[in-house]
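Chemist: Before we start, here is the structure in question, set down as structure tokens.
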Amino acid sequence: MFKHPWNKPLDIIITFSFAALLFFVPLFFYPTSSELFEFNKMILTYILTGFITTFWLIKIIINKQLVLRKSFLNLTVLLFLLGQLITTLFSINPHTSIWGYYSRFHGGLASTISYSLLFYIALNHFSQDSQKPKLKLLLYSALSTSTLISLYGILEHFGIDKHLWVQDVQNRVFSTLGQPNWLSAYLVAILPFPLLIALNSKEKKISLLLGLVAFANFITILYTKSRSGIGTTFIILFLIILYQLTKLKKATHTRSRFLGLLLLLVTSLAIIGSPWSPNPQNIQDSLKVGGPLWPQLEPYLNQVNLTTQLKPLDISALPEENQKQLIAQADGRPYGGSNSWDIRQVVWQGAVNLFKSHPLTGTGPETFAYAYYWTRPAAHNLLSEWDFLYNKAHNEYLNFLATTGLIGISTYLILILSTLILLIRLYRQYPAHQTITISFILSYLSILITNYFGFSVVTVATFFFLTPALALAYTSSQFNTFSFGPGWSFSKKDLKKLKNNVTTPSLSMLQYIAITLLTLIFVFWFSLILKHWLADRHYAKGKALSQNGYLSQAIPSLESAVNLYPGEPTFRSILAETYANAALATKQQYDSLDQEQAKLLQKAALAQQQNYTKLALDNINQTLDQNPHHLNFIKSKAKVYLSLAQIDPQYYQLTLDTLLRATQLAPTDPKLLYNIGLLYIQLDNLPQAKIALRQAIDLKPNYDHAIAELIKLYQQEDNQDHIQKLKDQLLFYYPDHPFAATLE
């Protein structure tokens with residue numbers, strides 16, 4: 001079959017674009033975005049996917065033929081994509097289901113289409129004989145990036161950038177991924193490749209180099225202190241050990257490497273520690289103050305009358321916070337941050353309840369943040385993160401179950417099962433490539449495990465879709481294809497000229513038109529994504545200015561964000577709040593003027609105030625027209641009304657009506673009821689205020705603010721019985737609460 005001379009440069013562009021995807025996306029973040037990490041990684045993925053797809057389609061047009069490699073994964077990926085499309089059509093908010101939840105971005109239909117395109121193009125592009133050797137370039141790109149990310153993570157642990165972050169990045173590193181769990185999930189997906197190649201390569205230099213890469217990855221995973229990531233790493237390492245044990249007899253050159261690397265990893269674990277094992281500093285601290293040397297193991301040892309405790313715990317020697325925590329535990333009351341497992345169990349229950357109410361198509365991809373409040377368990381109020389907005393179920397499978405229903409979860413599980421079957425089949429059929437194939441299997445398995453305890457992010461999702469495509473392209477050299485289009489047709493004389501490079505076949509007018517259209521489509525796609533990125537920068541700047549009180553500077557930035565990307569209601573909600581605050585600020589400035597100045601500026605100030613008020617109301621109404629399901633937008637409307645109520649008291653009733661509407665979406669949210677109680681107090685409706693505050697306390701028995709406000713109401717009635725009961729309740733949860741001291 002004739003191949004057009006343009007094939008070679010097009011192949012080079014596509015190959016290097018894939019390498020760029022694996023190299024740059026994990027590294028890319030931008031400090032002035034509203035979300036530094038995931039947003040920018042998704043934007044870059046969109047651009048590179050569009051670039052790769054454009055050149056792949058141009059290659060098809062030039063060759064007048066589309067040749068696709070046959071694989072049952074073609075069908076399962078398409079089936080999954082179709083499932084996402086159907087659930088998007090029935091979504092409670094299609095905009096979110098297409099583009100993803102704002103601040104997460106990944107997971108919408110647009111990202112799924114991008115990953116699916118990458119799968120199909122990678123499978124067919126790298127299955128070409130001329131491109132198989134280039135697969136090493138992708139491996140080197142991924143390993144190089146993971147090395148840079150790991151080195152940065154290790155430096156983070158030693159404080160290289162601790163002054164730049166609010167988070168305690170030294171305690172739990174996140175490097176360029178933005179969150180410890182995301183970093184560990186990414187690195188454990190990479191880890192099998194350098195580790196297994198280092199153990200089995202016959203070239204000592206490669207073995208040493210990749211051994212160091214694997215070691216850096218492992219150290220960084222430990223520094224994340226991610227339970228899911230470290231636990232998954234232990235599982236993957238255990239499977240690697242089992243695999244290597246089967247090879248020790250056949251390949252004697254791997255024994256010393258295997259034992260050396262195993263000793264290195266165990267030593268690192270002993271020095272750094274893990275969520276389930278102490279490090280030397282932990283042991284030293286325990287020797288000073290007493291208590292178990294290995295607290296995580298202690299409950300199991302106690303069952304067989306063993307212990308790691310050498311002397312009793314001296315509570316007085318502990319830091320004050322630790323003392324309070326132990327006392328609270330002894331009294332059976334919560335203190336400090338909730339256990340991540342406890343949080344997950346509650347959120348998972350809410351996700352299951354949500355699925356039961358929308359079993360077939362769910363609520364729509366990426367709508368968990370809106371719909372979770374409908375079925376949010378009241379037990380969530382007893383957790384330390386009770387007032388956090390949960391935009392994911394912290395379990396990828398339950399997230400699909402809740403937001404895409406049976407259609408989404410079934411197609412997702414079919415895709416996973418078919419990929420596992422494919423990878424296992426490749427491992428058995430191609431023994432010469434077993435080291436790489438088992439690396440792909442373990443990498444994919446690590447994604448499945450970490451997704452169970454968390455959720456997929458851009459870098460991990462890219463691996464999820466590329467793993468089967470690249471594994472299939474790398475291992476099997478003989479495969480069937482099906483093609484569409486006639487291809488090039490020449491006489492023997494013409495073919496002879498072409499082979500002798502006498503001439504190059506010219507493209508038809510139709511081909512030029514098709515290539516031009518493709519180029520224009522890519523330019524449109526690029527400009528659309530760029531506008532989104534620029535709009536976010538304006539939004540981030542405007543939001544920061546607004547929060548710091550620079551309202552006049554914030555408004556132009558937020559208006560620019562809305563003008564660049566009018567379809568995003570998140571921008572309008574903050575703009576509406578800023579307009580309302582500007583209206584209030586205008587009134588306050590006018591009220592502070594002396595009588596003579598006030599007369600001169602009365603008309604202008606009133607006009608400006610009315611204009612800001614109108615703009616605030618228009619924008620918040622448009623926000624809720626675009627997305628009436630987001631609780632945050634309803635709260636934003638309440639904030640707008642509350643600001644305007646300080647100008648015109650009639651807005652207090654509108655604020656109350658808005659919050660009452662919000663309780664229909666979030667019936668177990670005690671903060672809404674608390675604020676409703678405060679508004680009833682403002683409106684001098686004390687009986688309703690008491691009812692609302694009591695309901696808030698019933699939902700959250702340790703709600704100190706609600707208890708304090710209800711006590712104040714009972715003080716007005718001098719109802720000592722209720723005051724004493726509420727005081728006892730407050731002191732049970734907060735023995736040192738300052739408000740309780742005022743009741744003596």
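Backbone N, Cα and C atoms are what each Cβ position is placed from, and that goes for glycine too.
Quick paste of what TrEMBL says about this protein:
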type     : residues : note
DOMAIN   : 213-412  : domain 'O-antigen ligase-related'
REPEAT   : 670-703  : repeat 'TPR'
TRANSMEM : 12-30    : transmembrane segment
TRANSMEM : 42-60    : transmembrane segment
TRANSMEM : 72-92    : transmembrane segment
TRANSMEM : 104-123  : transmembrane segment
TRANSMEM : 135-155  : transmembrane segment
TRANSMEM : 182-199  : transmembrane segment
TRANSMEM : 206-223  : transmembrane segment
TRANSMEM : 229-246  : transmembrane segment
TRANSMEM : 258-277  : transmembrane segment
TRANSMEM : 397-424  : transmembrane segment
TRANSMEM : 436-466  : transmembrane segment
TRANSMEM : 509-530  : transmembrane segment
Chemist: Mark yes when the transmembrane segment (229-246) and the transmembrane segment (258-277) have three or more Cβ pairs under 8 Å (sequence separation 6 or more) and no when they do not.
Modeler: yes
Chemist: Return the stretch with the most CB pairs under 8 A relative to the transmembrane segment (436-466), choosing among 42-60, 72-92, 182-199, 229-246.
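Modeler: Most contacts with the transmembrane segment (436-466): 182-199.
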Chemist: Taking 3+ C-beta pairs under 8 angstroms (sequence gap of 6 or more) as contact, is the transmembrane segment (229-246) in contact with the transmembrane segment (397-424)?
Modeler: no
Chemist: Under DSSP, the repeat 'TPR' (670-703) has how many residues in helix, strand and coil?
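Modeler: Grouping H, G, I as helix and E, B as strand yields 27 helix, 0 strand, 7 coil.
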Chemist: Taking all residues of the repeat 'TPR' (670-703) together, what is their mean pLDDT?
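Modeler: Mean pLDDT across the repeat 'TPR' (670-703) comes out at 96.
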Chemist: Taking the transmembrane segment (397-424) as the reference, which of 42-60, 72-92, 182-199, 206-223, 509-530 gives the largest number of Cβ pairs under 8 angstroms?
Modeler: 72-92
Chemist: Please figure out which one of 12-30, 72-92, 135-155, 182-199, 509-530 racks up the most CB pairs under 8 Å against the transmembrane segment (206-223).
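Modeler: Out of the listed stretches, 182-199 contacts the transmembrane segment (206-223) most.
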Chemist: How about the transmembrane segment (42-60) with the transmembrane segment (135-155) - do they touch, taking at least 3 C-beta pairs under 8 Å (6 or more apart in sequence) as contact?
Modeler: no
Chemist: What stretch, picked from 72-92, 104-123, 182-199, 509-530, has the most CB pairs under 8 A with the transmembrane segment (135-155)?
Modeler: 182-199
Chemist: Give the nonlocal contacts of the transmembrane segment (72-92) in its own chain as ranges (CB under 8 Å, at least six residues past its ends).
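Modeler: Residues 98, 108-109, 112-113, 116, 119-120, 123, 361-365, 367, 370-371, 403-405, 407-408, 410-412, 414-415, 418-419, 422, 465, 468-469, 472, 629.
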Chemist: For the repeat 'TPR' (670-703), find every same-chain residue at least 6 residues outside the stretch whose CB is under 8 Å from a CB in it, and list them.
Modeler: 333-334, 378, 381-382, 386-387, 638, 652-653, 655-656, 659-660, 662-663, 709-710, 713, 716, 729, 733-734
